[in-house]
Amino acid sequence: MTLSPLHAHWYYVWIPIFTAFVWVGTLLAMLITWLAQGRPRYPTMDGSIAYISDIGADILKPLFITGCCITGVGFVLTLVVERWLRHRGRLPPDMRRREKVFSILAILSSVVAAVALILLSIFDTDRHPTAHRLFLLIFMVGIWFTAIFSVVEYRWLSKDYAHAGRIRLAYKIKGTMAVLLILLSIAFGVALFKATNVGAVLEWIIAFGFAFYLISYYWDLRLSKPGKLATYEKASNGQLPSNGAPPPQAV
């Protein structure tokens with residue numbers, strides 16, 4: 001089946017959707033299993049509510065590792081595809097070198113987060129508690145920096161193109177999600193040592209919230225246009241050539 005040029009972007013817009021689906025499916029399978037078993041108390045539990053890592057260290061560890069691997073790879077692939085589309089001109093191309101740099105930094109941060117996510121699922125909290133918590137911290141910090149770099153890049157891009165309402169909406173959504181995830185992560189870090197059950201609830205909320213952050217990239221990728229180079233109307237202070245190709249990079 002051949003897609004029309006108008007729908008040529010459908011192949012890759014489903015990457016973040018599929019990734020979020022796998023992540024939510026993994027979380028739900030773990031949560032439902034724990035509830036269906038009568039909320040058993042695992043050896044690693046300090047409170048009455050199981051952490052994701054508590055369930056992931058038990059019989060569902062293979063599922064947890066698989067879900068984390070697919071989620072990590074899908075997250076990185078989403079940002080790489082977004083970078084490729086912007087380089088090809090199918091998304092509004094970078095006007096300055098700084099935007100490209102922040103895009104690459106976002107990808108590198110996503111790689112760090114993805115590797116940490118996979119490693120925290122392998123080094124479970126039962127057998128490797130110190131390593132598990134270290135990789136959990138690295139994962140959260142990686143997500144923070146990915147969101148921050150992406151938001152800054154989108155904000156700069158929104159100033160370079162006329163009628164950039166969709167780009168502004170994209171970075172506002174990501175900015176709001178980033179702030180919420182960062183605040184919840186800080187609260188989780190405090191509750192982890194002060195209020196165990198509260199920390200468990202916050203961890204589940206953050207985990208499901210990460211799925212919505214992934215889905216936000218679906219909106220970004222759908223903004224792409226068919227063809228090797230699309231034409232975008234520059235803002236009054238922009239420097240985009242009339243053929244829509246990105247100008248020489250400048251600092």
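Using the three backbone atoms N, Cα and C, a Cβ is placed for every residue, glycine included.
Bear in mind that TrEMBL entries carry predicted annotations, made automatically and left uncurated.
Taken from TrEMBL, the feature domain 'CWH43-like N-terminal' applies to 12-222. In this model, the domain 'CWH43-like N-terminal' (12-222) carries an average pLDDT of 88.
Using a Cβ-Cβ cut-off under 8 Å and counting only residues 6 or more beyond its ends in the same chain, the transmembrane segment (12-36) has close neighbours at 50, 52, 55-56, 60, 63-64, 66-68, 70-71, 74-75, 77-78, 81, 85, 204, 207-208, 210-212, 214-218, 221-222. Annotation source TrEMBL lists transmembrane segment at 12-36 (among others).
For the transmembrane segment (63-81), the residues of the chain that approach it from at least six positions outside its boundaries are 12, 15-16, 18-19, 22-23, 25-27, 29-30, 52, 55-56, 103, 106-107, 110-111, 113-115, 117-118, 120-122, 146, 150, 214, 217, 221, judged by C-beta separation under 8 angstroms. Under the heading transmembrane segment, TrEMBL lists 63-81 (among others).
What TrEMBL lists as transmembrane segment is 101-122 (among others). Sequence-distant neighbours of the transmembrane segment (101-122) (same chain, 6+ residues past either end, Cβ-Cβ under 8 Å): 53, 56, 61, 64-65, 67-69, 71-73, 75-76, 79-80, 82-83, 86, 94, 131-132, 135-136, 138-139, 141-143, 145-146, 149-150, 152-153, 156.
Sequence annotations record features per position, and here TrEMBL assigns transmembrane segment to 134-154 (among others).
The transmembrane segment annotation in TrEMBL covers 175-195 (among others). Counting residues 6+ beyond its ends, the transmembrane segment (175-195) has Cβ neighbours under 8 Å at 140, 143-144, 147-148, 151, 202-203, 205-206, 209-210, 212-213, 216 in the same chain.
Long-range contacts of the transmembrane segment (201-219) within the same chain, counting only residues at least 6 positions beyond its ends with a Cβ under 8 Å from a Cβ of the stretch, are 13-17, 19-20, 23-24, 27, 31, 49, 51-52, 71, 74-75, 78-79, 82, 143, 147, 169-170, 173-174, 177-178, 180-181, 184-185, 187-188, 191. As annotated by TrEMBL, transmembrane segment applies to 201-219 (among others).
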